[in-house]
Amino acid sequence: MPQAQQPLLVIYTGGTLGMVEGPQGLTPGHDFPHRLTQALRSLPPARQASLPAFEILETPCPIDSSAATPGDWQDLAALIASRHAHYQGFVILHGTDTLAWTASSLAFQLQGIDRAVVMTGAMLPLEAPASDALGNVEDALRFASLPELQEVAVCFAGKLLRGVRARKWHTQATDAFTSPNYPWLGEVVDHHPILFSQRGLNAQQRGAPRFELPDYRALTATPAARIALWPGINARQLAAWLDDEHVGGALLEVWGGGNIPEDPDLLGVMAKATGEGKLLVAISQCPQGSIAIGAYAAGRGLADAGVLSGDDMTPEAAMSKMIHLLAQPLPTEERRRRFVTPLVGER
Ligand code: ASN
């Protein structure tokens, strides 16, 4: 069937959007396909009629996304990859807490995807008064049916963001996501999805999809660590992470434009780790802007210790890229080269 005539596939993975009140508080509800179909009937007839056709499935065990692991990212990418040729696009309904992590990971696993994977969630359950759930689903469906959208994106509160640039920004507001270092890919105006197509990956896409689906579950032997530096951190504390033989890489969250204390012992711990082939990467603790290692004398040591620049990547993008690269049997130099190369518009 030509792509334009294929339906969308909606995958419900859990999250507040589909939650119901249980004895211990909100918990993922079941029977979501039926509940969503019911809810969509509450839309005005013209809006119902203009929705793209879709099929919907529920993962075997919907979760609160705070429980998600790289293994879940892997399962979701495998599911999309296996159905990819049969659907015009995908809408992933996901908890907001780790939505940006899953979006980032999917972008690396589904490199070169030639259709839309639109992730959304909600701050309130579908059946709650004044819920944002139905509006977010409606917007996501409309964006996912656009053939020019050919990447993993996050649709939330009327905005469309690049998935690998998105971050959860607010714990309560319905406008909960932002894209600190990349402009929006689109927005909804009067229930119409408007794409700013010159910003999309489709303009840079080359050839057929070249999915990379490594086994993240095998990675538990060489995990990645995330370490935010603080004033007063000492070499012994850093070594507790980096000397661990099971740690294959670490994201260091440093200050400002790429600065760390001028402490030779601290730098010695980093240099030892990179010398052992570990992938060390730095990003800034500032939520906006990029780092330039070596602009200040205080940052020069990072380059000398073999720490790579994460440029303006989000922590979610940097960590999921590191996990993606560590899960593949790559020579150290190739892994370092790929980390600093933009693969899916992440930097
Ligand atoms: N704890 C929820 C989750 O991430 C939060 C939400 O979806 N709004 O699954």
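Yeah, the Cβs are placed from backbone N, Cα and C, and that goes for glycine too.
TrEMBL does not curate its annotations; it predicts them automatically.
For 8-193, the entry in TrEMBL reads domain 'L-asparaginase N-terminal'.
In three-state terms derived from DSSP, THR96 (active site) belongs to neither a helical nor a strand segment and is classed as coil. Long-range Cβ proximity for THR96 (active site), meaning a same-chain Cβ under 8 A and a gap of 6 or more residues, is found for GLY15, THR16, SER65, GLY121, ALA122, MET123, PHE156, LYS168, ALA176, PHE177. Feature annotation from TrEMBL assigns active site to THR96.
Annotation source TrEMBL lists domain 'Asparaginase/glutaminase C-terminal' at 227-339.
Restricting the average to the domain 'Asparaginase/glutaminase C-terminal' (227-339) gives a pLDDT of 95.
Look at the domain 'Asparaginase/glutaminase C-terminal' (227-339): DSSP puts its residues at 48 helix, 18 strand, 47 coil.
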